[in-house]
Amino acid sequence: MTGRLKLVLASGSPRRLSLLNQAGIDPDALRPADVDETPERGELPRACANRLARAKADATLKAVQLDDDLRGSFILAADTVVAVGRRILPKADLADEASQCLRLLSGRNHRVYTAVCLVTPKGNCRQRLIETRVRFKRLTEEDIRGYVGSGEWRGKAGGYAVQGIAGSFVVKLVGSYTNVVGLPLYESVSLLGGEGFPIRSGWLNAG
């Protein structure tokens, strides 16, 4: 590969893109992977996040290999799983799903896992799994109805977005906040930098 090193984000998530931009990294392309995100029967949360992040990276790699402009790019993929014990909560698409998630999370501890998978221009794969523990306040039915009415939960793991209204539900958070948003920033940037991606090239005049 010659010329400037490029980065493809294997996601269409505005949150993941915004987090990378916050760190001064602007991907050259967004290539969301079309992957079935249904957990396998009996699959544990950690294993599910790791499997899906790798599947997204592999699917995007195949697509990028057909693109002359992007072939040989770094590919960054991630998958976030919210779990209560061993139970994996859905990425809520329906109001009923979101309501069920919120009732389950109400007044309880849960864990958020994000697996990050980086494929280098040489085809090497590096993967990290980050865990954050979160506790919600006890939610009233008014809280739940109001939040579901906001629509903020759509497509979000566990049926909530911590960077929005649901941030006011959090009593305690132990670990990476950006992990709960959808991309553990420290670990993702460390992976990129460790594999030779110029993580500081976008810092000039960033302010």
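Cβ atoms are placed via backbone N, Cα and C, with glycine included.
Feature annotations, reproduced from Swiss-Prot:
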- Arg15: site 'Important for substrate specificity' (SITE)
- Asp79: active site, proton acceptor (ACT_SITE)
- Thr80: site 'Important for substrate specificity' (SITE)
- Gln163: site 'Important for substrate specificity' (SITE)
> Which whole-number value in Å describes the distance between the Cα atoms of Gln163 (site 'Important for substrate specificity') and Arg15 (site 'Important for substrate specificity')?
Replying inline: 9
> Quick one, of the recorded sites Thr80, Gln163, which Cβ has the fewest other Cβ within 10 Å?
Replying inline: Gln163
>> Tell me the coarse DSSP state (helix, strand, coil) of Gln163 (site 'Important for substrate specificity').
In response: coil
>> Please give me the CB contact count at 10 A for Arg15 (site 'Important for substrate specificity'), counting all chains in the structure.
In response: 18
>> I'd like the Cβ neighbour count for Asp79 (active site, proton acceptor), meaning other Cβ atoms within 10 Å of its Cβ, all protein chains included.
In response: 28
> Just the number: how many Å between the Cα atoms of the residue listed as 'active site, proton acceptor' and Arg15 (site 'Important for substrate specificity')?
Replying inline: 12
> Quick one: Cα separation, Thr80 (site 'Important for substrate specificity') versus Arg15 (site 'Important for substrate specificity'), in Å?
Replying inline: 12
